[in-house]
Amino acid sequence: MTAMKKIALGLIGAASAAVITSAALAETLTVYTAVEAEDLKKYAAEFNKQNPDIKIKWVRDSTGVVTAKLLAEKDNPQADVVWGLAATSLMKLKAEGMLEPYAPAGVEKLEGSFVDSSNPPSWTGMDAWVAAVCVNTVEAEAKGLPIPSSWKDLTKPVYKGHVAMPNPASSGTGFLDVSSWLQMFGEEGGWKFMDELHQNIAWYTHSGSKPCKQAASGEVPIGVSFAFRGAKSKAKGAPLEIVVPTEGVGWDMEATAIVKGTKKLEAAQKLVDFTVTKEANEMYNKGYAVVAYPGVAKPVEHFPENLSAAMINNDFEWAAVNRDKILAEWKNRYDSKSEPK
Amino acid sequence: MADTAFSGKSVPIKPKLSNDDWIMRGAMILIGLVLIIAIILPLYAMLSKSFEDSDGNFIGLANYVEYFSTPALFQSIYNSLSISVIATIVVLVTSFLYAYALTRTCIPFKKFFRLVAMIPLLTPSLLSGISLVYWFGNQGVAKELLFGESIYGPIGIVFGSSYWVFPHALMIVITALSIADSRLYEAADALRTSKIRTFFTVTLPGAKYGLISAGFVVFTLVFTDFGVPKVIGGNYNMLATDIYKQVIGQLNFQMGAVVSVVLLAPALLAFVLDRIVQKKQVALLSAKAVPLVPKPDAKRDMFFLGFCTLVAAVIIGMIGMAQYAALVKFWPYDLSLSLNNYNFDVMDGGGWDSFYNSIELGLWSATIGTVVIFFGAYLVQKGRGFEKGRGLFQAIAIIPLAVPGMVLGLAYIFFFNNPDNPLNFIYGTMIILVVVTITHFYTVSHLTAVTALQQMDNEFEAVSASLKAPFYKTFTRVTVPVCSPAILDISIYLFMNAMTTVSAVVFLYSSDTSLASIAVLNMDDAGDIAPAAAMAMMIAYTCLGARILHALLSRGIMKKTAAWRGR
């Protein structure tokens with residue numbers, strides 16, 4: 001018994017010590033994000049080089065989940081800053097009056113299209129994140145599948161059961177795909193295209209990177225995902241070809257904003273100031289070919305060359321305003337094939 | 001409290017209550033209140049949520065009407081029921097044969113087979129789904145065995161579920177089959193009854209209650225599990241994954257509550273039926289019974305040895321594949337080995353921190369849980385008088401067994417995340433994870449403690465009381481040492497379950513308190529399936545280590561404190 005008592009006491013001691021040390025730390029910002037998990041540590045480290053006294057507590061999930069979480073917490077916001085969420089989502093939050101307008105120091109240096117048009121802006125863009133199709137060349141050859149070159153190609157019967165794509169309700173990538181199809185093919189044409197594509201879909205995934213990772217490992221030959229993910233998997237040695245469909249590709253901005261009602265406004269502003277700096281943009285450029293700070297972007301390895309040219313003239317306002325309607329319609333039509341979650 | 005008023009009116013016949021009695025009653029009421037807060041109130045909150053709209057207005061059955069008129073959701077009830085029934089049949093047959101081999105035949109390596117069968121207990125149910133992807137997925141090493149069928153769907157769910165619930169059923173069936181009166185078999189032999197007839201008239205009826213019980217356990221576990229269908233279910237929706245989809249994917253809490261109620265109903269029904277059936281069971285063994293010692297029978301033993309080898313090979317194959325896949329650099333194109341997949345910090349799911357969090361959760365649950373549960377059981381078992389209160393406590397302590405982890409977790413969101421709740425501060429902390437874990441696994445631990453306490457003669461208390469020793473002295477000096485094996489069992493049970501549970505904690509972790517089992521889930525979700533396998537194996541090794549430590553401790557303590565048992 002005494003031994004057990006000692007163990008128990010030790011445990012309690014250790015735990016209370018842990019509590020004390022974490023409380024003694026400097027200001028902590030709760031930052032919601034949909035940035036790929038593998039980049040978060042790097043982002044925080046870069047920021048802490050200049051602001052060592054502000055700690056970032058990341059809350060990461062898919063775009064749809066983070067958006068829904070922010071909306072659900074509207075009356076009692078838990079986040080101080082959103083760093084790296086789809087601009088369409090931030091527009092929705094802005095419309096709900098949930099963002100604190102703030103012009104970060106140096107915002108004027110950014111490309112105009114990457115900054116919210118209100119003054120002061122409610123959000124500032126970081127980089128463009130572009131749809132692409134990951135095709136596993138080994139599996140395509142083994143199954144006798146031609147490499148598709150357009151979105152319409154994907155509806156051909158030969159691809160039946162060989163395509164995975166993200167569920168737009170939970171994944172930002174999924175949503176930008178759907179919204180781009182509706183813009184390119186028109187409302188009616190867009191849904192008709194998706195009806196046909198649906199016949200070929202093996203499964204809809206929860207996250208936007210999973211289809212490409214599954215394509216990389218051959219679990220499914222073709223994954224509708226985004227170019228950045230494809231380039232990363234290719235760099236790891238996956239037999240992938242990143243296809244940029246000829247009709248054009250949807251894209252969205254990753255963007256940053258301060259949540260209205262934060263009790264740590266000053267620290268939040270410091271963080272947002274950092275997110276528009278040249279250093280930050282150079283950091284975004286590690287994975288994203290198009291960034292908000294002009295002149296920074298260098299070509300990214302394994303990135304398809306024609307990508308910027310293929311980006312459609314995206315009407316973000318339209319996408320943001322119609323997001324709920326589009327998702328409701330999508331769920332109604334296709335949700336039965338969605339992967340759990 | 002309430003009983004103070006009660007004592008004022010106490011009738012003279014009642015013996016005067018000592019201080020001890022008052023302390024014990026007070027303590028029991030306290031633990032009882034904690035239980036009510038931990039289980040009854042959250043469930044109530046969830047039930048009422050299912051009758052509300054997203055703004056909290058009462059809308060009657062509207063949510064249910066919507067649920068039952070959405071074909072995609074409604075279909076899940078049928079899917080869940082059919083999968084559970086099939087898996088129950090598969091597991092009952094397998095575990096019966098396996099248990100039969102271990103108890104009624106003379107096959108060699110019984111100990112080994114018994115240990116191997118317990119392996120699935122070491123990991124979250126997610127692991128079986130992950131292994132199946134590597135065995136039978138589109139790049140699986142043995143996908144040809146499926147003859148073109150896809151593992152993603154019913155086949156995978158039944159296979160994966162059967163794997164991880166197998167030990168749960170096996171333990172029950174082994175117990176049922178260990179009890180046998182050899183005189184019945186001698187009688188059957190003397191009457192020249194055929195072996196098959198003996199099997200159906202003696203063996204099966206003897207194990208009937210065990211089999212029924214195992215059936216209910218398997219059904220409930222499969223019906224409420226979401227780990228396996230989440231990973232390997234593909235487009236095949238089940239109730240548990242629907243709750244998840246509604247709550248995590250779309251933050252539709254009301255619909256999540258409705259699905260929870262739908263999920264809770266059959267689980268409760270199975271639970272009640274099981275209890276009714278168990279009440280009917282009568283003692284099989286009279287004092288005159290002669291334990292059955294199996295006699296060798298070459299043909300029979302050969303068959304069962306083959307069968308057990310096959311099952312053991314499948315189990316080892318499942319966990320072995322997970323470990324192999326975790327070490328492979330880039331499945332299936334670069335099969336060289338590396339530790340890259342253990343670089344959890346660059347992946348979704350919270351990195352290595354989540355692993356340490358899990359250990360912390362395990363230790364807290366094991367220590368606090370064991371103390372509270374054992375003391376509670378002691379008060380119920382050894383308290384005097386106050387029958388109603390003790391009965392009520394006993395009844396509440398049984399409830400958690402019937403509540404699926406996911407339902408409990410969701411109920412906790414509704415109850416503890418309410419800003420008006422004074423306990424709101426525990427939301428998003430390690431505390432709520434400890435509370436939900438202990439509550440979720442309360443019943444089995446409680447019953448273990450009660451059984452151990454029942455074996456102790458009440459004379460101990462009577463003698464101590466007459467010697468004027470306060471109850472806590474008897475408790476620490478006699479009761480705890482005597483029951484130490486049971487106490488250790490409870491703590492290892494809580495620790496292992498805290499390490500492996502997903503369903504109870506999946507709605508309650510925060511970014512600071514992510515857990516290893518949750519990391520497995522999230523990494524799989526992001527497509528990082530090999531790192532998910534690696535983390536699942538880390539859980540397995542931790543549980544294995546704890547198990548070994550437990551065995552050593554038990555042996556030491558038994559030697560030290562239980563010498564009297566040998567007499």
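The backbone N, Cα and C atoms fix where each Cβ goes, and this holds for glycine too.
Just so you know, TrEMBL annotations never went through curation; they're auto-generated.
As recorded in TrEMBL:
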- B:77-274: domain 'ABC transmembrane type-1' (DOMAIN)
- B:355-550: domain 'ABC transmembrane type-1' (DOMAIN)
- B:22-45: transmembrane segment (TRANSMEM)
- B:77-100: transmembrane segment (TRANSMEM)
- B:112-137: transmembrane segment (TRANSMEM)
- B:157-179: transmembrane segment (TRANSMEM)
- B:199-223: transmembrane segment (TRANSMEM)
- B:253-273: transmembrane segment (TRANSMEM)
- B:302-326: transmembrane segment (TRANSMEM)
- B:361-380: transmembrane segment (TRANSMEM)
- B:392-413: transmembrane segment (TRANSMEM)
- B:425-444: transmembrane segment (TRANSMEM)
- B:486-509: transmembrane segment (TRANSMEM)
- B:529-549: transmembrane segment (TRANSMEM)
Any contact, the transmembrane segment (B:392-413) to the transmembrane segment (B:486-509), with at least 3 Cβ pairs under 8 A: yes
Distal contacts, the transmembrane segment (B:425-444) - CB-CB under 8 A, six or more residues away: 35, 38-39, 357, 360-361, 364-365, 368-369, 372-373, 397-401, 403, 405, 408-409, 412, 416-417, 493-494, 497-498, 501, 504-505, 508-510, 512-513, 515
Long-range environment of the transmembrane segment (B:529-549) - Cβ separation under 8 angstroms, sequence gap at least 6: 121-124, 126-127, 130-131, 133-134, 319, 322-323, 325-328, 331, 341-344, 347, 349, 354-355, 358-359, 362, 492, 495-496, 499-500, 516-517, 519-521, 523
Surrounding residues of the transmembrane segment (B:112-137) on its own chain - C-beta under 8 Å, 6+ positions past either end: 98, 101-102, 143, 145-146, 151-152, 156, 159-161, 163-168, 170, 225, 227-232, 308, 311-312, 315-319, 321-322, 324-325, 331, 496, 500-502, 517, 520-521, 524, 529, 532-533, 536-537, 539-540, 543-544, 547
Range from B:22-45, B:199-223, B:253-273, B:302-326 with the greatest count of C-beta pairs under 8 A to the transmembrane segment (B:77-100): B:199-223
Considering the transmembrane segment (B:199-223), which listed stretch of B:22-45, B:253-273, B:302-326 counts the most C-beta pairs under 8 Å: B:253-273
Long-range Cβ neighbours of the transmembrane segment (B:253-273) (under 8 Å; 6 or more residues past either end): 46-47, 49-50, 52-54, 63-64, 66-67, 73, 76-77, 80-81, 216, 219-220, 223-224, 239-240, 242-243, 246-247, 401-404, 406-407, 410-411, 413-414
